[in-house]
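As written in TrEMBL, here are the features:
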BINDING   119, 120, 145, 231, 232, 233, 234, 290  pyridoxal 5'-phosphate binding site
BINDING   148, 289  N(2)-acetyl-L-ornithine binding site
MOD_RES   260  N6-(pyridoxal phosphate)lysine
Ligand SMILES: *Cc1c(COP(=O)(O)O)cnc(C)c1O
């Protein structure tokens, strides 16, 4: 506010709503950046009518963008028939979604699906699966994010998330990510039930491990008779250009966790157990959920999977993702150190810790991006995004970076 401004501007509709937010919502998220009123394709509009290109998709969730006709039709039809029935009962939609997930995961005979409402819950299922081996040790990674419930939090690495709630479940060790020798050493300690890994770390800053990492960890976990559980919550459902990121490596894990992109915005997650031996670890009565896999969530998941398939979105994701990464690098901007990731999960590593400023300036310019680390910007747009839409951000990026440096 400068001295000569005659009157403070009246609060906008967004500001009024955000003030009410802060008086009604628990403060764990801080003050939200925007109040969103509407979405269409890859765009969202705030409560003051300003339009943004959504390059974050609700954190890698809105695989089909906003208000996609297939998702709207499938969910509307299902809610008009039956939305929820509990797991005392099942539905054709639930069974079909489980079958489709097993097929796209390339899961062998005897594999099974457990449905959840979130990624965190899928990880909780994975922790219980691991416990059923009779061993208690779990190896996770530095930089890992697996959720915020107390079990999933024990696997999450970030001290700021963990420390207020310690002691967490015991037996979890965090070792350097991408380092198969570190896995070997940690397994040698014995009593390890499972190694839990993201195939590409998302919240950790979009970190891609070395090419042979998963292959080596698979060999090591086989030899140690420990489960290999891959957290595909962020990387799965086409985000990296394959149905699941692990498929690039050719290995077969013992279990995967899925959520974010699966429902296209409707909450649905899953734990997939590979083969009869692993699937047999959780017996009747050992786990459950009231909402998990209800007809509404299942219909949403089916609409997302069929649209990705019908519209060739896996190949599209690879193509536009590679094109975007190359175009950002070709800017040769002094602030751009590297572009990490695969498909449409990308991290732009910056030369200085200006990511929060970049996020704010991009938003003012009409682009939603995420400061995933102080020196890294994450891009995880809808899989339907066009090369032209991505190019509009690439064109704006040098100016955004220049202003962020000087801010
Ligand atoms: C987001 C995320 C989770 C947690 O999922 P929620 O749906 O927020 O519970 C777990 N693992 C990974 C890799 C994630 O990116």
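Positions of Cβ are set from backbone N, Cα and C atoms, glycine also.
Values in this document were obtained by computation on a predicted structure and should not be read as measured data.
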Pairwise CA distance, residue 232 (pyridoxal 5'-phosphate binding site) versus residue 148 (N(2)-acetyl-L-ornithine binding site), rounded so that it is a whole Å:
16
Could you tell me which of the binding-site residues 148, 232, 289, 290 have their C-beta within a distance under 6 angstroms of some atom of ligand 1?
none
Can you tell me the three-state DSSP label for residue 231 (pyridoxal 5'-phosphate binding site)?
strand
Say we define neighbours as other CB atoms within 10 Å of the CB. Which of the binding-site residues 120, 234, 289, 290 has the fewest?
290
Cβ neighbours within the same chain of residue 231 (pyridoxal 5'-phosphate binding site) - under 8 Å, at least six residues apart:
119, 123, 126, 144, 146, 196, 197, 198, 199, 256, 257
Densest Cβ neighbourhood among 148, 260 (recorded positions), 10 Å radius
260
Using only the Cα atoms of 119, 120, 145, 231, 232, 233, 234, 290, which the record gives as binding pyridoxal 5'-phosphate, return the largest interatomic distance in Å, rounded to a whole number.
25
Just the number: how many Å between the Cα atoms of the residue listed as 'N6-(pyridoxal phosphate)lysine' and residue 234 (pyridoxal 5'-phosphate binding site)?
6
Cα-Cα, whole number of Å: residue 234 (pyridoxal 5'-phosphate binding site) versus residue 289 (N(2)-acetyl-L-ornithine binding site)?
22
Nearest to residue 289 (N(2)-acetyl-L-ornithine binding site) by Cα distance: which of the binding-site residues 120, 145, 233 is it?
120
My understanding is the cutoff is Cβ-Cβ under 8 Å with a sequence separation of 6 or more in the same chain; which residues meet that for residue 145 (pyridoxal 5'-phosphate binding site)?
156, 157, 158, 198, 201, 202, 203, 204
